[in-house]
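Working notes for the structure below.
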Amino acid sequence: MGSPRHIVALVPAAGQGVRLGEQLPKAFVPVGGTPMLTLAVDGLIASGVVDHIVIMAPDALIDAAVAMLPAGPVPVSVVAGGVERTDSVRAGLAAAPLATHVLVHDAARALTPPSLIARVVAELVAGHPAVVPGLPVTDTVKAVDADSVVTGTPDRAGLRAIQTPQGFDARLLRDAYAQNLPATDDAGLVEMLGAPVRVIPGDPLAFKITTQLDLRLARTLLADNPTRAVVRP
Ligand code: CTP
Ligand code: MG
């Protein structure tokens, strides 16, 4: 008998949002009157598959994040994030010692449907050690050199644009982070250990709010469906 399943969602929310260019750090910027971080946490709770949530917030906004927490059946903690996203995730992992499975889910993917979160967890508990959502790439992608000269055109059919939540066996993610290697996403660290990473179909609504255009899209979508955050899968 293994230990009972304990699924912890780590929510990186400590970025500054430089590309968005708002006054507040991005996770605290409202969409339809509600901060992105709150929407993301609401989505995780609505999925019904998360036992504990750990938010990694900017140092100066920890109290603000605590004040935004929902009172409900899922305990939520807030810890300080770090300079890079990987530093923030590492801080979250340290605050989740009991996790058997970990989801890492960007606050900036505020409109992620709870059904996608539930699908990632279903694959995880079915025994896949690393599960990430991904969508087919619609633009042609080119590799370029330092002078912006094209060096190759990978076959688009074999490419996926990866979203969050990314789900992992907790021990695997801890081992990956213990390597202290650079990577742009958590699955990238796991890949370096040689572990299989399974891609499942993503959801267009799990897009990351990065620029003003993304923010306008998110605000329009919420205005069209203001109850999105409480819809259950
Ligand atoms: N993040 C974090 N800690 C960091 C950097 C990013 O927790 N040191 C979080 C962000 O808050 C966001 C998610 O990681 O929810 C994805 O990062 P990104 O979209 O790059 O957000 P920002 O870093 O805030 O934006 P930018 O890169 O434009 O400054
Ligand atoms: Mg960033």
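Yeah, the Cβs are placed from backbone N, Cα and C, and that goes for glycine too.
Heads up, TrEMBL stuff is auto-annotated, nobody curated it.
Here's what TrEMBL has on this protein:
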SITE      Arg19  site 'Transition state stabilizer'
SITE      Lys26  site 'Transition state stabilizer'
SITE      Arg156  site 'Positions MEP for the nucleophilic attack'
SITE      Lys208  site 'Positions MEP for the nucleophilic attack'
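Feature map: TrEMBL annotations on the structure.
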{"residue": "Arg19", "record": "site 'Transition state stabilizer'", "CB count, 10 Å": "12"}
{"residue": "Lys26", "record": "site 'Transition state stabilizer'", "CB count, 10 Å": "26"}
{"residue": "Arg156", "record": "site 'Positions MEP for the nucleophilic attack'", "CB count, 10 Å": "12"}
{"residue": "Lys208", "record": "site 'Positions MEP for the nucleophilic attack'", "CB count, 10 Å": "16"}
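Contact annotation for recorded sites (Arg19, Lys26, Arg156) versus ligand 1: Arg19, Lys26, each with CB under 6 Å from a ligand atom.
For the recorded sites Lys26, Arg156, Lys208, a Cα to Cα distance of within 10 angstroms from Arg19 (site 'Transition state stabilizer') holds for Lys26.
DSSP classifies Lys208 (site 'Positions MEP for the nucleophilic attack') as coil under the three-state reduction. In the three-state DSSP assignment, the secondary structure recorded for Arg19 (site 'Transition state stabilizer') is coil.
Cα separation, Lys208 (site 'Positions MEP for the nucleophilic attack') to Lys26 (site 'Transition state stabilizer'), rounded: 11 Å.
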